[in-house]
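Read through the structure below, which is laid out as structure tokens, and then see the notes.
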């Protein structure tokens, strides 16, 4: 692969020279070449080098290596993270203080950058782990290997887990059968029809008797009230008419005994 140089200018020209930085990234297909920062100024004055290379065995593995060279050290210290083919790792670089402010693109004095590495992205035994850039602080490290677990950063989960797939709800595979038994439906319909026919005949008989009563009772023919020829009105007048007939029969019996000269008992 060709070597590409990318220079990031982090501020206007009137800012202090300490805030300026240059990052040189080399992509190599074979070998283990380490490229240093040519500027030697700004936050990268501590000789922190970054190298991105693909594996030479043809398996299309991508290895991210961070090499830090001290002032009095001859052997650089490297932290390597290898991602196998078909595996997508999530890496977030946080720049800015943890006081509620949003991350900024400019390096500030006294701030430290942190990188988030999931535990599943690291292969045991290859020395994989999180790396911290900018101003190196002791104690902000993670043990290499599978026992190290995950390195969590202080930020919202939406920013850290950008590549996480959303949970999908499985579609319904079984359709509920709401069909009712045909034989039961036919039987219920027959029973309902029979019951309705019996009720209709009973109502017809009652209505016929009420019509006959309305013809016998004389007051029903001249009733012009709100009830009209209602069933309740006809039955009420029928009861009154029966009571009047009883009283008339009693009076007539008394008058007949008086006329015959027999005392009433």
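Glycine residues also receive a Cβ, built from the backbone N, Cα and C atoms like all the rest.
Features of the protein shown, as given by Swiss-Prot:
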{"type": "COMPBIAS", "residues": "1-18", "note": "compositional bias 'Basic and acidic residues'"}
{"type": "COMPBIAS", "residues": "134-144", "note": "compositional bias 'Polar residues'"}
{"type": "DOMAIN", "residues": "190-245", "note": "domain 'bHLH'"}
{"type": "REGION", "residues": "1-21", "note": "region 'Disordered'"}
{"type": "REGION", "residues": "119-149", "note": "region 'Disordered'"}
Just to confirm my parser: what is the rounded mean pLDDT across the domain 'bHLH' (190-245)?
84
Give the residue counts of the domain 'bHLH' (190-245) per reduced DSSP state, in the order helix, strand, coil.
47 helix, 0 strand, 9 coil
